[in-house]
Amino acid sequence: MEKLLIKGGNPLKGEVRISGAKNSAVALLPAAILADTPVTIEGLPNISDIQILAELLEEIGGKVQRFGQDITIDPSSMISMPLPNGRVKKLRASYYFMGAMLGRFKKAVIGLPGGCNLGPRPIDQHIKGFEALGAKVTNEQGAVYLRADRLKGSRIYLDVVSVGATINIMLAAVKAEGRTIIENAAKEPEIIDVATLLTSMGAKIKGAGTDVIRIDGVEQLNGCRHTIIPDRIEAGTYTIIAAAQGEEVLIDNVIPLHLESLIAKLREMGVIIEEEDEQLLIRGNRKLKSVDIKTLVYPGFPTDLQQPFTALLTQAEGTGIVTDTIYQSRFKHIDELRRMNASIKLEGASAVVSGPVKLEGAKVKASDLRAGASLVVAGIMADGVTEIIGLDHIDRGYEQLTDKLANLGANIWREKMSSEEIEQFQNS
Ligand SMILES: CC(=O)N[C@H]1[C@@H](OP(=O)(O)OP(=O)(O)OC[C@H]2O[C@@H](n3ccc(=O)[nH]c3=O)[C@H](O)[C@@H]2O)O[C@H](CO)[C@@H](O)[C@@H]1O
Ligand SMILES: C=C(OP(=O)(O)O)C(=O)O
């Protein structure tokens, strides 16, 4: 087990290349289950969630070959193997095996998903969608059992705008008989990416990226080749880091449109950002002004950037109010930032951040993926050394974080934890 160490204060300069989007990749891989012939996905991030999904695909009989950032999945000999326990519990996106296996085999047994602990994360809207398509769904001993004699297209109104439910229903509906209409669908770029892959496989989908998606089911889907979109959350994290500590940082392989809400907020704070087709050039500003943020569904401010952004607000003049409307209790990073001298109060569903303060390096723990990212942002700005444990969370979502930041000039490295440290960590 390792810990991450950062000696803060170095000005950052240079270029960082963004990897493929985790939240697309984790749906694209299960989507391959639906094809009759091999699917190749290009530009995958090398992160632990992808490794686990590749192993799950092999567990159900898929042949998986990885060549650098590309993966080829031959689904022809897959079977509807139950996956009630084990790897499925390690990540959120294992829920996509429900939709994909239901679409292909008309049955699936999948353990309830893991992923970041952000408070309650129900999957009732996924289930509502599967039931509307004709599946019988039961929950037994922590696993979801799905079975359908046939899947039949239906009109489904989501009571909550959900990325996972929108994609999961698409995965099942592409092989249902007739037309499915998903209303109040989520509009995140990852949904368009999954729809693009499915369309290349032969699916008939209209409206992905709007709040009404129409799907006409087909009997057969074939293999294809697909290039994943860049990770807007990784790009946003580096943009925040560059705003915090950058002299001049070029973010390469990014779709600026996907980050409009973040870019607007950073400009309000006084950060200078130039947008190119696939790049962002960020000039940090040591005199930042505070702003308020409220997370919303896309194209609103993403909840996955709320935690890293909160760390940046500690350096801004004034008071910034951070409200997360998607996950009201996504604030586990606050106590850790306070250990680093941040001045943050929790008031109801908001964090009130006062700044600027001089952050000080400390021993802190990443309780979830983006909490980890917020500690990295803080560590990069702090005086002295910050020691972050809980790297398994960070490794779920950031490819080569240490190398990418070191290339920009950060003083950052990983070290093995001693057995006493591991014991303390496990008991904490
Ligand atoms: C693997 C993946 O893509 N993860 C992302 C996905 O998670 P995930 O797909 O799990 O998030 P959702 O969009 O489904 O959740 C949004 C909100 O809806 C609620 N909800 C969701 C489903 C449901 O059936 N019932 C229900 O009440 C959730 O508790 C949450 O409050 O979108 C989140 C919101 O942008 C991001 O933070 C995650 O990084
Ligand atoms: C919450 C996240 O991921 P997951 O849904 O996979 O837990 C995230 O990427 O910030």
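Glycine residues also receive a Cβ, built from the backbone N, Cα and C atoms like all the rest.
The shown structure was predicted, so the numbers you read here are calculated from the model rather than taken from an experiment.
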Same-site residue for UDP-N-acetyl-alpha-D-glucosamine (record: TrEMBL; known: R92, R121, P122, I123, D124, Q125, D304; options: I71, I282, I326, I334): I326
Distance-selected recorded positions near ligand 2 (C-beta under 6 Å), from C116, R121, P122, I123, Q125, I326: C116
Residue pair N23 (phosphoenolpyruvate binding site), P122 (UDP-N-acetyl-alpha-D-glucosamine binding site) - Cα distance, angstrom, rounded: 18
Among K22, N23, C116, R121, the recorded positions whose C-beta sits under 6 Å from ligand 1: N23, R121
Surrounding CB atoms that lie within 10 Å of the CB of D304 (UDP-N-acetyl-alpha-D-glucosamine binding site), all protein chains: 24
Cα separation, C116 (active site, proton donor) to R92 (UDP-N-acetyl-alpha-D-glucosamine binding site) (Å, whole number): 7
Which of K22, R92, R121, the listed binding-site residues, has fewest other Cβ atoms within 10 Å: R121
C116 (active site, proton donor): tally of other CB atoms within 10 A of its CB: 21
